[in-house]
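Novice: Can you read through this structure? Questions will come right after.
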């Protein structure tokens with residue numbers, strides 16, 4: 001490769017990345033996932049597109065995709081709160097194992113019939129597209145206010161279900177090739193245990209070692225993110241080499257680093273944010289270049305049937321069976337979880353396996369995987385907002401600071417500087433600073449007005465467009481958001497948590513007359529917490545609702561995983577009119 005070729009490679013690569021970035025706003029205008037834009041740019045630059053670039057190197061595509069996926073999962077793990085495992089761990093594990101197996105089987109049966117394949121070939125297609133994709137799920141759910149039970153289940157499932165899909169894919173390839181003659185049930189069981197066991201062990205152990213190394217070494221600030229990524233990739237590669245799941249390992253590494261006091265954590269997250277975007281762009285550009293759109297035309301009709309069969313039939317059945325033991329999920333939540341079974345890069349990466357193994361019909365498997373991914377991103381990803389509304393899993397948006405920066409004055413500092421800009425509909429406009437009920441231990445470090453720094457006192461009144469710099473910790477974010485909150489834009493969300501709020505420990509007898517409750521003798525001594533547990537079980541989350549005594553009750557506040565307030569929503573004329581219609 002001469003200098004001109006290398007320079008052309010840099011020029012084309014940089015142009016494609018820049019074009020992807022500049023076209024990214026199109027996704028919000030058209031209501032399509034941004035990942036689809038990156039994929040489309042790759043396809044337009046490819047063999048059948050305007051660019052005419054011929055790219056068919058599956059080994060390079062496999063390398064780029066795995067590297068990108070590892071970075072995306074490391075970042076996703078660091079941003080996942082361990083607290084979410086309280087309500088979502090076991091449902092996620094069930095979906096990541098039983099759910100993937102059921103989806104694989106049902107999709108495989110459809111593929112066998114639609115494409116006249118052998119049963120094992122059809123099930124291989126099912127295994128390739130059987131798992132949800134972490135890159136797609138993390139990207140589409142980022143910044144959305146979702147019921148914790150649902151959002152956490154989807155994120156943890158997408159980060160942990162790849163080992164099952166990889167295990168099934170590799171096993172079926174071995175059976176279909178000459179190397180599968182010596183396979184036994186014991187060997188398969190051992191392989192399954194190795195995938196999950198080694199992946200989990202190296203993820204936790206390697207993550208703990210990396211955490212110690214980061215905290216014990218004093219380095220220039222910019223090197224901590226490089227150490228984190230390189231350490232994560234070492235564990236990712238080592239896990240794969242030992243027969244484990246590198247994908248699971250690096251997700252757990254991120255989870256451990258993100259939930260422990262890690263030196264320069266905020267700086268690491270800022271760098272990872274940019275690296276994750278670059279990884280997503282690079283991965284989907286390469287996968288777009290790899291496909292030949294003209295080859296998809298011949299499978300368009302049966303491919304659509306397979307994609308919609310998986311979306312409307314296989315995925316919902318697998319979710320309902322997988323979540324059967326978990327009574328806390330409502331039918332609406334199960335429906336939403338089944339709808340957000342997004343497919344992305346992972347199925348396309350798994351479709352490269354048969355190509356590299358030289359299996360017959362490998363090109364068909366790849367084209368089918370690509371087709372299913374495109375349909376999933378367009379149909380499921382494009383309707384996500386509407387699905388949230390229909391399933392009623394959307395929570396009122398929590399006002400976020402316009403900027404937040406770590407104040408890392410010592411290695412394990414949890415202090416941050418939150419920046420808020422006050423708009424006209426902020427409820428604290430016109431209030432003197434002394435009247436603000438700031439969370440204990442927090443301070444307003446600075447106030448800017450008309451781009452000038454003020455010297456505020458307790459009598460300083462806040463005005464529209466003031467910028468506040470607040471020194472606090474992440475645990476204070478909810479209280480600060482409430483203090484500097486603005487009215488929800490959607491009218492349907494203004495009464496979401498109720499018209500009146502009751503303490504969870506209030507006695508029913510004390511409020512029965514006020515709210516028209518009809519209490520029998522057995523309810524006289526009960527508290528509201530008893531009713532909540534009877535209706536929602538022991539792990540309710542913010543936004544959970546139930547109807548009791550003709551009224552709608554909503555979990556309105558949760559502190560340290562304990563319900564503290566319940567909202568009472570009274571029926572109004574508009575709601576009654578809608579019900580009559």
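Placement of Cβ uses the backbone N, Cα and C atoms for every residue, glycine included.
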Novice: Looking at 335-355, 398-418, which one does Swiss-Prot call transmembrane segment?
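Specialist: In Swiss-Prot, residues 335-355 carry the label transmembrane segment.
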Novice: Give the range, chosen from 233-253, 254-274, that Swiss-Prot lists as transmembrane segment.
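Specialist: Feature transmembrane segment in Swiss-Prot: residues 233-253.
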Novice: From the ranges 185-205, 206-226, pick the one that Swiss-Prot records as transmembrane segment.
Specialist: 185-205
Novice: In terms of Cβ proximity under 8 Å, which residues at least six beyond the ends of the transmembrane segment (233-253) contact it?
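Specialist: Distant Cβ neighbours of the transmembrane segment (233-253) are 66-67, 69-70, 73-74, 76-77, 134, 159-160, 162-163, 166, 191, 194-204, 206-207, 210.
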Novice: Summarise the domain 'RCK C-terminal' (405-486) as counts of helix, strand and coil residues per DSSP.
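Specialist: Tallied per class, the domain 'RCK C-terminal' (405-486) gives 13 helix, 29 strand, 40 coil.
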Novice: Where, among 185-205, 304-324, 335-355, 364-384, do we find the most CB pairs under 8 A to the transmembrane segment (119-139)?
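Specialist: It is 335-355 that shares the most Cβ pairs under 8 Å with the transmembrane segment (119-139).
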Novice: Taking residues 6+ outside the transmembrane segment (304-324), which of them lie with a CB under 8 Å of any CB in it?
Specialist: 91, 94-95, 98-103, 106-107, 110-111, 114, 125-126, 129, 334-335, 337-339, 341, 368, 371-372, 375-376, 379-380
Novice: Which listed stretch (6-26, 95-115, 335-355) has the most C-beta pairs under 8 A with the transmembrane segment (58-78)?
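Specialist: It is 335-355 that shares the most Cβ pairs under 8 Å with the transmembrane segment (58-78).
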Novice: List, by number or range, the same-chain residues at least 6 past the transmembrane segment (364-384) whose CB is under 8 A from its CB atoms?
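Specialist: Apart from its flanks, the transmembrane segment (364-384) reaches 31-33, 35-36, 39, 111, 115, 124-125, 128-129, 133, 136, 140, 144, 287, 291, 295-296, 299-300, 303-304, 306-308, 310-311, 339-345, 347-348, 350-352, 354-355.
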Novice: Mind checking which residues reach the transmembrane segment (95-115)? Cβ under 8 Å, same chain, six or more beyond either end.
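Specialist: Contacts with the transmembrane segment (95-115): 121-127, 129-131, 153, 156-157, 160-161, 163-165, 168, 299, 302, 305-306, 309-310, 313-315, 317-319, 321-323, 337, 341, 364, 368.
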Novice: What mean pLDDT score does the domain 'RCK C-terminal' (405-486) have in the model?
Specialist: 83
